[in-house]
Amino acid sequence: MAPPIEVSTKSYVEKHVSLPTLNERILSSMSHRSVAAHPWHDLEIGPEAPIIFNCVVEIGKGSKVKYELDKTTGLIKVDRILYSSVVYPHNYGFIPRTLCEDSDPIDVLVIMQEPVIPGCFLRAKAIGLMPMIDQGEKDDKIIAVCADDPEYRHYNDISELPPHRMAEIRRFFEDYKKNENKEVAVNDFLPATAAYDAVQHSMDLYADYVVENLRR
């Protein structure tokens, strides 16, 4: 078992996270289903969210294949092969039991030493937010580190990363759709507190979504 991670943001959780979360209470009533587990809806986000949370990996570091979650089946499908001569610089996926305005779970890029297979999940720690506009629509990304990687778990804010690492991430997202004639704009990276707020907001949107569906 990995040694405990010291996070200096305990006060943030106490102020912004009510336990038990609405997500957990509502979804527990939906657990008596004879269907396969769905990584978006059935995997818990984790008790330390929005700082440390579970992340489902869709795309492994170094991959040119754009995998994504099939929201109907819960399986990971091949969406396309990237048109540009680039590969994902880090593992990429989503945070379960979250929801954004585009009706998808919130995206997260996880910095760690090794690539991992699509469909697995890991514990990630938010260190920053990358505001992004994809074809005119908001598509922000949480930047995180693997909470169980001894090389990266001590990072608490994106400002602690080497400047080259941040430039690498920015350049990938600016370029990876250029050969599809799709415009992507990446704004300045925001600190860890902005990432916590974004994750918490997506958790709240998901909880509201579940409530509305239970009322139908």
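Cβ coordinates come from backbone N, Cα and C, glycine included.
Source: prediction; values computed, not measured.
For Tyr88 (active site, proton donor), the same-chain residues 6+ apart in sequence whose C-beta sits under 8 angstroms from its C-beta are Ile59, Gly60, Lys61, Gly62, Ser63, Lys64, Phe172. Taken from Swiss-Prot, the feature active site, proton donor applies to Tyr88.
The substrate binding site annotation in Swiss-Prot covers Lys66, Arg80, Tyr92, Tyr176. Following the DSSP three-state reduction, the secondary structure of Tyr176 (substrate binding site) is coil.
If you look up Swiss-Prot, you'll see Asp102, Asp107, Asp139 marked as Mg(2+) 1 binding site. Cβ neighbours of Asp107 (Mg(2+) 1 binding site) (same chain, under 8 Å, six or more residues apart in sequence): Tyr92, Gly93, Phe94, Asp139, Asp140, Lys141, Ile142.
Summarising the annotation, Swiss-Prot assigns Mg(2+) 2 binding site to Asp107 and lists similarity to another entry as the type of evidence. Secondary structure at Asp107 (Mg(2+) 1 binding site), as computed by DSSP, is strand.
Swiss-Prot lists Ser18 with the feature phosphoserine, giving a large-scale study or a structure entry as the kind of evidence.
The residues near the substrate site, meaning same-chain residues not in Lys66, Arg80, Tyr92, Tyr176 whose C-beta sits within 8 angstroms of the mean position of the site's C-beta atoms, are Ile59, Lys64, Val65, Tyr67, Asp79, Leu82, Tyr88, in sequence order. With the fewest other Cβ atoms inside 10 Å of its Cβ, the least crowded of the binding-site residues Lys66, Arg80 in this structure is Arg80. In this structure, of the binding-site residues Asp102, Asp139, the smallest number of CB atoms within 10 A of the CB marks Asp102. Remark: Tyr176 (substrate binding site) has Leu82, Ser84, Val86, Val184 as non-local neighbours, by Cβ distance under 8 Å and separation of at least 6 in sequence.
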